[in-house]
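Shown next, in structure tokens, is the structure this report addresses.
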Amino acid sequence: MKFAVIVFPGSNCDVDMFHAIKDELGEEVDYVWHDTENLDEYDAILLPGGFSYGDYLRCGAISRFANAMKAVQKAAEQGKPILGVCNGFQILVESGLLPGALMRNENLKFMCRTVQLRVENNETMFTSQYEKDEVINIPIAHGEGNYYCDEETLKQLEENNQIAFRYVENPNGSVSDIAGIVNEKGNVLGMMPHPERAVDELLGGAEGLKVFQSILKQWRETYVVNA
């Protein structure tokens, strides 16, 4: 399986994402610059955290216009797994690939610590290796991770089982304790916590690795078993 890590000016979690795929998952991965127009050779697309374009205007508001995002949109339409973490989640929302918005944290402070997440839906291509309602420890590092959507959108997210992760103790004011959501098709996941920072027991824990293992399992079942 071949992954692409999209690198925007100001990305700073691309190396962590690359490490998670290459060294922990053992799969092929490339850094792909934001002006790339073709992602056809890749099986999965990863949008890392950071401060793309300095977070000017709004987080992700400029990155949504990058050439690579047109290719990401195409990949999403093809059903390829798209994972956006932190700033990557913000970019997915700004691009319209996921509903809602991400606002300043309720306490107006940057937060950097490990939090507990509850797996709300383990039937997605990103969460299949977790148990339903499993509680995992994953780091957060954001100033604008307060997820918001209107009541109608929240109702749709809940009815369609699109809420992948919830905070056990809400750190930022996110509506309904939401930490991560998928699109209706189930192949685009956006989450504020950083699973790529929790892939090695020597570095504090590996409870985020199952996100990437789930992607790999889905791909193998789809393309290897049926080959």
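If you go along the chain as it appears here, the first residue is 1 and each next one adds 1.
Cβ coordinates are placed from backbone N, Cα and C, and glycine is handled just like the others.
What Swiss-Prot says about this one:
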{"type": "ACT_SITE", "residues": "C86", "note": "active site, nucleophile"}
{"type": "ACT_SITE", "residues": "H194", "note": "active site"}
{"type": "ACT_SITE", "residues": "E196", "note": "active site"}
{"type": "DOMAIN", "residues": "3-225", "note": "domain 'Glutamine amidotransferase type-1'"}
I'd like the number of other C-beta atoms within 10 A of the C-beta of C86 (active site, nucleophile), please. 30
Calculate the distance in Å between the alpha carbons (Cα) of the residue listed as 'active site, nucleophile' and E196 (active site), and round it to a whole number. 11
Within a 10 Å radius of its Cβ, which of these active-site residues (H194, E196) has the fewest neighbouring Cβ atoms? H194
I'd like to know the mean pLDDT over the domain 'Glutamine amidotransferase type-1' (3-225). 96
